[in-house]
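Visitor: Not my notes, these are from TrEMBL:
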type	residues	note
ACT_SITE	E185	active site
BINDING	H184, H188, H194	Zn(2+) binding site
DOMAIN	91-286	domain 'Peptidase M12A'
SIGNAL	1-20	signal peptide
Amino acid sequence: MQPGLCQLFLVLYGLWMVTARPSEDAAAASPPDDFPSLPPILHPGYFSPDYKGNMIPGLVSSWSPNDPTNVWELSGLREGDIMEDGPKSRNVVSDPESLWADATIPYILEPMFTDAERKTIREGMEMIQKDTCFKFRPFRIGDMDFVYIQGGPTGCWSYVGRQGGGQVVNLQRAGCVYKGVVAHELLHAAGFFHQQSAADRDEYVFVNYTNIQSGRESNFDKYNESVVSDFGVGYDYGSVMHYSRKAFSKNGEDTLVPLKDGAEIGNRDSVTDKDMAKLKAKYGCSEGSEVTEAPSNYGTMMFEAGNQLLSLFVAPPN
């Protein structure tokens, strides 16, 4: 072989070795063959045929904390943000089976969230667990029930209570990643409906049905005490779980009017003492705790979400 051709061969061979061989970093990121699989997400969310998926992302992303409505009222689901598995599904959260074992929600944060967004989500968790023993911690191998927090363009929504297996909480990155909104959706996951769904709500607020959007009247349904209990704490105008005055308004006028002079509704910033008192009563706990952050030594897992096979980094067992 001529010297010039020999040199060219060596250069091309070197380039092939660099590009064809996997890097050490890539090899290190690959899971071993016997790495355990994440249990499937059994509750990824159901959207009915009339769901306005072409409108919801824009409505939510254009929302501002200064708006008169709450952002979770814009997600197009039952009561705005309550997810179910089908058109006839109904959550009954008074059932002890719907509570989370050890008052703990194992969670996975979708990798697409930025560091700033992850910080905000943790702050929402901290609001809930700072004065109670209710906890959020990263998913561990062996957990069967967990919440997968994703940022898809479908608004802010959650199932109510533990569903069994993996269940999604959606926090659309544009519009839903505020700590009060995070707390609202996670309180749904913990087992709470909206405050104005309480059986005695008519003693505290007036529902003006003449101002409600056609077809949205059922969002103002009441539930009996066996479904929505106040645990003796009482009605909470300031609850982070309460609708705003103009929820589902068709004309910009109030749909909910407090009967108590000076009472404010529509809090989307923080949980209240009454919110936490009800959580303590539901789970029988009082002491505070800190959010457990996922350790740096993540493991790689493949898991199913609907018909998709996804790869995630999740915490290994202790």
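Positions of Cβ are set from backbone N, Cα and C atoms, glycine also.
Each of these features: where is it, how hidden is it, and who are its neighbours?
Guide: Non-local contacts of E185 (active site) by the CB criterion (under 8 A, 6+ apart in sequence, same chain) comprise W72, D81, C156, W157, S158, V169, N170, L171, C176.
In the three-state DSSP classification, H184 (Zn(2+) binding site) falls within a helix. Annotation for H184 (Zn(2+) binding site): spatial neighbours N70, W72, D81, C156, V240, M241, R268, criterion Cβ-Cβ under 8 Å with sequence separation of six or more.
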Visitor: Taking the mean position of the Cβ atoms of H184, H188, H194 as the Zn(2+) site, which residues outside that list, in the same chain, have a Cβ no more than 8 Å away, listed in sequence order?
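Guide: Same chain, not in H184, H188, H194, Cβ within 8 Å: W72, D81, I82, S158, V160, E185, L187, F192, F193, V240, M241.
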Visitor: What are the non-local neighbours of H194 (Zn(2+) binding site), defined as same-chain residues 6+ apart in sequence with CB under 8 A from its CB?
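Guide: Looking at Cβ-Cβ distances below 8 Å from H194 (Zn(2+) binding site), excluding near sequence neighbours, one finds E79, M241, H242, Y243.
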Visitor: Return the average pLDDT for the domain 'Peptidase M12A' (91-286) as a whole number.
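Guide: It averages 94.
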